[in-house]
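> Annotation comment: TrEMBL describes 517-566 as domain 'Cationic amino acid transporter C-terminal'. According to TrEMBL, the transmembrane segment annotation covers 78-97, 109-132, 152-172, 202-224, 230-250, 262-281, 301-324, 426-444, 456-481, 487-507, 519-538, 544-564 (among others).
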Amino acid sequence: MATAAEGEGRERGRRYWRWSKVDFFPEPSFASWRSYGAALAATVPRLRERVASRSSDAVEAGTLLAESENPLRRCLSWVDLAFLGFGSVVGSGVFVLTGQEARFDAGPAIPLAYAAAGFSALLSSFCYAELATEIPSAGGSFSYLRVELGDIAAFLAAGNILLEAVVGAAGLGRSWTSYLAALLGRDTDALRIHVPALAEGFNLLDPIAVVVLISTSAVAMSGARLTSTLNSLASVVGIVIIAFVMALGFSHFDAGNLAPSFFPFGAAGVFRAAGVVYWSYTGFDMVATMAEETKNPGRDVPLGLISSMSAITLVYCAMSLALVGMQRYSEIDANAAFSVAFSAAGMKWARYIVALGALKGMTSGLLVGALGQARYTTQIARTHMIPPYFALVHPRTGTPIYATIVVTFGAACVAFFSSLDVLASVSSISTLFIFALVAVALLVRRYHVAGKTTAAQLRTFLAFLALVVLSSIGLSVYYNSRYARRWPGYVAFGAGWAAGAAGLALCAEQQRVPKVFGVPLMPWLPALSVATNLFLMGSLGTMAYMRFGICTAAMLVYYVLFGVHATYDVAHSGDSVVDNLELGKVADASTPPA
């Protein structure tokens with residue numbers, strides 16, 4: 001039976017605008033400093049328990065919704081999701097990174113870099129599509145990993161999701177300022193404030209990026225339906241501009257610009273570029289976070305995800321080919337490639353069209369990003385890995401306003417100081433890491449069901465899965481080693497991966513059949529997704545790994561000091577969450593605001 005204090009807490013919970021310690025730290029471990037000290041002393045056994053814990057489909061897509069007090073609203077179709085996918089992905093990446101990577105890494109072969117990155121992203125989108133239809137939760141990959149790989153893997157993904165959200169939004173904000181300057185006919189850094197006392201890469205302050213981030217987030221907070229409508233209209237304009245840019249570019253195409261060598265930096269340069277331009281594809285996973293607000297997730301999410309990613313890959317390859325055909329790669333401007341290329345071809349006026357298209361793409365990316373990032377944050381907060389205060393959904397707008405504010409604040413702080421080259425590598429490695437984990441989670445979901453899979457079946461599955469993962473890592477390491485020019489290593493690691501995937505297909509027994517949409521060519525497609533994501537991770541530089549390692553270490557410190565204790569308390573709170581559901585803590589969408 002609920003106590004009077006608990007009843008009063010529920011009554012308070014119906015008022016959205018509030019601020020108290022219990023809203024942020026409601027768990028017993030944080031009731032007092034003495035309680036917290038006792039919790040820290042019990043860290044090791046609590047960690048052991050949380051490592052072994054698993055969530056369920058029903059909890060992620062049902063029970064946890066109580067923590068938000070009000071529901072997210074089901075108002076989106078597959079067409080909305082397709083436009084959201086297009087809007088979230090086609091931002092600054094193709095306009096900024098194409099020139100940078102063509103000039104310094106891939107040369108005329110930059111379309112192949114986009115094709116490789118797009119192929120990997122498309123494989124991941126298939127994995128996301130199946131999992132989103134099975135677990136239609138706002139948490140996206142975080143929820144999938146909680147169910148299949150457990151709390152620790154989900155927490156590491158959560159930290160990287162939030163890192164990607166902050167860094168990705170900051171990168172778009174910085175690019176917005178650069179292209180606004182180009183539209184005004186000025187240098188790309190002309191609208192930033194130079195502070196010589198700060199370190200290189202952090203010494204160009206960008207107040208315009210901060211204003212843009214706050215403005216787009218304010219729109220996202222007003223409602224998913226309004227944001228989707230605005231994004232769809234903007235995407236139509238963007239498609240027209242992109243078509244114009246490609247038509248103009250191919251009309252000045254000179255095959256001589258692809259000579260004398262199509263691969264001036266070798267295959268290694270193409271894969272290095274693929275690892276960086278993968279940032280241009282980030283954002284499609286935001287579509288999966290909208291499953292909770294989709295009218296028919298089983299049909300709409302796969303259609304929206306796969307159709308948008310297929311179209312985007314073709315567009316990126318065509319745009320990059322137009323660029324290197326219009327201007328020799330060694331003459332491409334790394335900061336404003338398309339604008340400068342058109343100017344060199346005698347079409348200075350076209351740079352304004354390019355800048356307008358880039359600004360449109362970045363604005364759409366920020367709008368959709370604000371939607372998806374807040375949904376990720378909401379689900380993470382529902383589990384109490386971060387304070388549950390950020391899980392609250394506003395009763396009138398049906399959006400998680402607090403979650404949107406905290407991500408926007410972080411992105412604005414980063415965007416104010418950090419340059420784009422610093423941000424791109426950090427975002428890419430976090431994204432690739434999460435996508436690889438999601439592919440592994442899908443394999444686990446198909447081949448292991450607690451209480452059904454026998455010990456022998458589990459051993460067989462884990463052995464072949466380990467062979468797939470270790471061979472993929474080995475191939476990536478070998479390719480980036482001093483032995484990269486020798487073929488025996490590729491044969492050995494390739495054979496190991498093929499043996500692992502074939503073993504899963506022939507020797508391991510699938511334990512679960514998808515209810516609506518299933519990834520084709522199981523287990524080959526998700527196994528290939530693991531390999532491509534890990535391979536592209538290996539193509540990134542040492543500095544990206546150093547930043548990734550530092551961020552991961554900070555995440556683990558936070559988990560040991562806070563996350564493990566909060567989630568442990570929730571897991572041992574009896575049926576409190578179920579009680580909240582039964583008492584109607586989740587209000588009906590039609591309930592008027594308190």
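Note that Cβ sites are derived from N, Cα and C of the backbone, with glycine treated the same way.
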> Under the DSSP assignment, what numbers of helix, strand and coil residues are found in the domain 'Cationic amino acid transporter C-terminal' (517-566)?
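Reading the DSSP string over the domain 'Cationic amino acid transporter C-terminal' (517-566) gives 40 helix, 0 strand, 10 coil.
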> At least three Cβ pairs under 8 Å linking the transmembrane segment (519-538) and the transmembrane segment (202-224), pairs spaced 6 or more in sequence?
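With fewer than 3 qualifying Cβ pairs, these stretches do not touch.
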> Using a Cβ distance cut-off of under 8 Å, indicate which of 109-132, 152-172, 544-564 has the most pairs with the transmembrane segment (78-97).
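Going through each listed stretch, the top one turns out to be 152-172.
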> Count, for each of 152-172, 301-324, 426-444, 456-481, 544-564, the Cβ pairs lying under 8 Å from the transmembrane segment (109-132), and report the range with the highest count.
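Selected stretch: 301-324, with the most Cβ pairs under 8 Å.
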> In the same chain, who gets a Cβ under 8 Å from the transmembrane segment (230-250) while lying at least 6 residues past its ends?
79-80, 83-84, 86-87, 90, 219, 315, 318-319, 322-323, 325-326, 338, 341-342, 347, 350, 353-354, 356-357, 360-361, 363-364, 367-368
> Excluding the flanking five residues on each side, which residues at least 6 beyond the ends of the transmembrane segment (487-507) place their CB within less than 8 Å of a CB in that stretch?
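That would be 443, 447, 460-461, 463-472, 474-475, 478-479, 522-524, 527-528, 531.
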> Short question: which residues 6 or more past the ends of the transmembrane segment (152-172) have a Cβ under 8 Å from it?
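For the transmembrane segment (152-172), the nonlocal Cβ contacts are 50-51, 55, 91-92, 140-143, 145-146, 209, 213, 279, 282-283, 362, 365-366, 369-370, 372-373, 376-377, 380, 385-386, 407-408, 410-412, 414-415, 418, 420, 423-424, 426-427, 430-431, 433-434, 437, 441, 551-552, 555-556, 558-559, 563.
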> Count the CB pairs under 8 A between the transmembrane segment (262-281) and each of 301-324, 456-481, 544-564, then give me the winner.
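Stretch with the highest Cβ contact count: 301-324.
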